[in-house]
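Some features that TrEMBL has for this protein:
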- 247-251, 288-295, 386-388: FAD binding site (BINDING)
- 502-511: compositional bias 'Polar residues' (COMPBIAS)
- 3-133: domain 'Photolyase/cryptochrome alpha/beta' (DOMAIN)
- 487-511: region 'Disordered' (REGION)
- 319: site 'Electron transfer via tryptophanyl radical' (SITE)
- 373: site 'Electron transfer via tryptophanyl radical' (SITE)
- 396: site 'Electron transfer via tryptophanyl radical' (SITE)
C-alpha cells in the first residue's frame, strides 16, 4: 500500500542511518517531514534552557536545508504533538505516521497518544529504534527481565546478543523523488523554523557548538582523521581544565539527535579492528558509547529513574534542604575558584569536561554541601547542551553514591583536583577573570594569600565559603581573606556535613 505519511522527527534530527525514515519512504506515495515545536513539553518534560533551545533551532535549520537539497523540506509547527498531528491528518489526508521509538517516559506517553490517534483515525504507524545501539528491551529480556545494574554484567549480556546492527544507507534524493508532498508556496512562512527571537530567547554568548547533522558529521570526520588518537583514547587521560576540549565533543550531537550512535560506534569498531594495541572499555571511546547504552537500558526499566523517592535502585538519603547553598553553587558563587570556574563555563558554553562534572557533582552532594543529586540534575538539565534523561540522572546517582557506586569517601577535592592538572590556574583565570592576575600559588585557595596580595585585587570582597559557611559576603568581593575564613573553619553554629574538609584531608581517597 502507498501511504500518505507524516514522518515525525523528535530526537533523531539526522538523515544518515535513519531506518524509520527509509522504511516510511519505501511504502509511501507522499511523505511530510514534520517537527512539532511543543514548547510546554520541551521546557517542562525536557527542561530545555536557552543554549539547548538555540542548538535545537540550529539543528532544525540544518535538517530543513538537507531535506531541501533532496527535494523535500521540513514542516515545523507549534502546539501539542497530538493536536497538531490530528489537524494534519485531516488537512493532508494522512494514512500513516512514522517515528523513532524512544525510552524516556515522556516520549513513551507521547507514543501512546499517537497510537490512540492512529486507532481513532484508522491510521498505520511505523516505528524503529534509532537513538540507541540496541533495542534496550532486548537487553532487559536477555538479563532475565530486569536491567543489569553493573557495567560488567551489562557487557556480559551484550556478548550474548552480539554486535549492534550496522547503520543503514543514507536517505537519497531518489527516495524523495517518488513521494514528495505537493508544494505549498503560500505557506512557506507558516512552516519555517522559528528564530530564537521568535521564541523570546535572548542569547548573546558565542556559539561554540553549532547544532545540526552537518556540523556533527564534520566533527566526526575531523576526529577520525587521527586514527591513532581514536584507537588509544582513554577517558582517564583527558584533562578536565584544558582550555579546549580534550575529548571528541560529540556528546551534544548524540544527545540532541544530530549523529547516529550506530554510525559512531561502528566507525570506532572499524578503527580498533585495524589497531593491535587499542584502548579497551570502559575507558575507550567504544566504552563511553556503551556507558551511554548502559544508562539508557537501566532507565528504560526503572520507575522514577530521575527521582530518589520511588526509585528502587536509589539509596534513600536525608539530604539537606539549603536553597541558599544550592543557588551559590548554581551561580558560581561558592568561593572555591575551581568549582566556580566550572559552573561559569557551564553557564556560558553549555559544556564542561566529564571530570569537571564529577567535581561539581561531588561538591554539591556527598563531598561538601550534602544537597540532593536531584537538584544538581535539574541544573545540568537546564544548562548542559548534552543533557540526557538517562545519562544525566544515571551519572548524578553514581556521583552522589546513591546508586551504582558506593565508595562514599572517594571525594574530588575542590582545591587539589584542579591544581593537579593546571597548576598555573589558566582555566580559573579564563572563567573567573576577577582572579586573572592572582598569583598561581594562591589561585585555588585565595584565602591563603598574604594580606597585601589580597588587597592588591581591589575588585574582590570576602568569599562566601559554601562548605562551612563562615561570616562572609559575596565570593571574590573581599576586603580580606584570612585563616579564620578558610573552608576548613566555619562558624560554630553551622551544622557539620558528614564529611568535612578536615576528615577528607586524612583520607587517601581524596583526589
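In case you wondered, yes, glycine gets a Cβ from its N, Cα and C as well.
Annotated features, which come from TrEMBL, shown on the structure.
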{"residue": "249", "record": "FAD binding site", "Cβ neighbours (10 Å)": "17"}
{"residue": "251", "record": "FAD binding site", "Cβ neighbours (10 Å)": "22"}
{"residue": "289", "record": "FAD binding site", "Cβ neighbours (10 Å)": "21"}
{"residue": "291", "record": "FAD binding site", "Cβ neighbours (10 Å)": "19"}
{"residue": "293", "record": "FAD binding site", "Cβ neighbours (10 Å)": "21"}
{"residue": "295", "record": "FAD binding site", "Cβ neighbours (10 Å)": "24"}
{"residue": "319", "record": "site 'Electron transfer via tryptophanyl radical'", "Cβ neighbours (10 Å)": "19"}
{"residue": "373", "record": "site 'Electron transfer via tryptophanyl radical'", "Cβ neighbours (10 Å)": "26"}
{"residue": "387", "record": "FAD binding site", "Cβ neighbours (10 Å)": "26"}
{"residue": "396", "record": "site 'Electron transfer via tryptophanyl radical'", "Cβ neighbours (10 Å)": "25"}
Considering only the recorded sites 319, 373, 396, which residue has the minimal Cα-Cα separation from residue 295 (FAD binding site)? 396
Length of the line joining the Cα atoms of residue 289 (FAD binding site) and residue 319 (site 'Electron transfer via tryptophanyl radical'), in Å: 31
Out of 249, 251, 291, 387, which of these binding-site residues is nearest residue 319 (site 'Electron transfer via tryptophanyl radical') by C-alpha distance? 387
Alpha-carbon distance [residue 373 (site 'Electron transfer via tryptophanyl radical'); residue 293 (FAD binding site)] in Å: 21
